[in-house]
């Protein structure tokens, strides 16, 4: 499988991305490829630039130089709200749901980019709008079942347990029907059992839905158990790239995590 | 296979955490049973039909002055409905909706007075003009949030009545003198006096406005507006063009308020710049909060509050009517801080809980 995908053009390509905040170089020429059907783990100590890179991918930041290609086309001219239509969905580090809306409505918003409407047609509830709503509802119901959210589907999100809200966020991102799903520290704040659960979920999203996954994560156990490939950042540079086994043996990675001359 | 285990595990996890978490426990109790939920919907529908029957029969039992007051109540209700779309649904604050009301009123009055246009035609034109004005105001307002947006809209409310006094526009607006409008008769030989006719016209427009607002809130557009209210960055990441939707929300909100203003001008039969002071903008916000922010039917109760409560206050004490009005408002906020909408929701939840246990 690895050999198969390596020859194909990458689905998402990060090319020498540089980001500076004032005098600080947050990302210093980061480059890696993400192939279709891969799970890529992006790791690194605090302040390594993982979230900065993530925000470049979802177009909240624009790199000073370098490029990001999706299916061979640069995405840097696109605005953040164009990304779902291109095929890139994301989750947020601290769960960014729509608190006063129900679980179902949160997931429906995920289908926003995949549907069309205007104020006028919506206000008059025209027949074509009704047909589209029925299609959206079918998608959303399927995702509610897939993520086991049936019991809470019609409750407002605020007040739901953290683990449940994380799943709502993944369901919402899947409603985009993404080609690539960016997950920003999905294991943060979860207990041991929930992390194991999450690992199985991420694998099943890749296996059953054919979604390519970029996983930014602190939880080593999770990253090493499900990733096909791991990219390690430290102080804005890529210090290693390879399979989980290769990366774990890499002396630079061990130094970055356990403290070497850089610390 | 893996999906199956995932979903059952996930469901168990959800069940166990819901039972143990303190916030989850509360939610678990109020989990709406299908029967209770449809029961609530039935209560709401019955209440709605009862209100509508009252609304349809009232003008045949009330005197003309009361009919006029009820018409004004509905007009304020339409304006508050517009404000609710902006504030309650989209989360943008406006202390300046009196300005859109004024623009709608002047549009109608000038069209009738200067160009002899039929009063019915002034309503859509006032709506369209206010939509454009609101949309254009919404563009710079994109850069402002919360109290800063409140200040900017406050400025709009203060400036607009002054603009209508300016001499370059005096030919059309008649300056401080204002414009007198003649009262339209009921068309098609309907057996209604002018007050009754205007009441029914307003009621019909109000119903259409309400149904459209409800459709909007329950649609893709409404969900995008609420998503922006709750988390603009996440909304953007889901593909919502937040700038466009926020400006459009301003436009639609102004459209509602502008149509209300045009109706108001026709019903009151006179407008002048001093009819639309900052007090009007504040009154609309009061009506919004009293009715319930984000709850659309609350607009009717908000309209009733700002129409009738000042009169009640005046009856209680001629000299201190403002103070009495203020005291009533403070009492309302203590008794039902979430407005009538919040009170009703709490009552229905309690009711369904009791019917479940009893």
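The first residue you see is number 1, and the count goes up from there.
Glycine residues also receive a Cβ, built from the backbone N, Cα and C atoms like all the rest.
Note that this is a predicted model, so its numbers are computed, not measured.
Checking TrEMBL for transmembrane segment across the ranges B:197-217, B:218-238 points to B:197-217.
Beyond the ends of the transmembrane segment (B:43-61), by six or more residues, the same chain brings 67, 70, 192, 195-196, 199-200, 203, 297, 300, 348, 351 to within a C-beta distance below 8 angstroms of the stretch. Between the transmembrane segment (B:67-86) and the transmembrane segment (B:146-164), fewer than three CB pairs separated by 6 or more residues in sequence fall under 8 Å, so the two stretches do not touch.
The transmembrane segment (B:248-271) makes contact with the transmembrane segment (B:118-139), as judged by at least three Cβ pairs under 8 Å among residues 6 or more apart in sequence.
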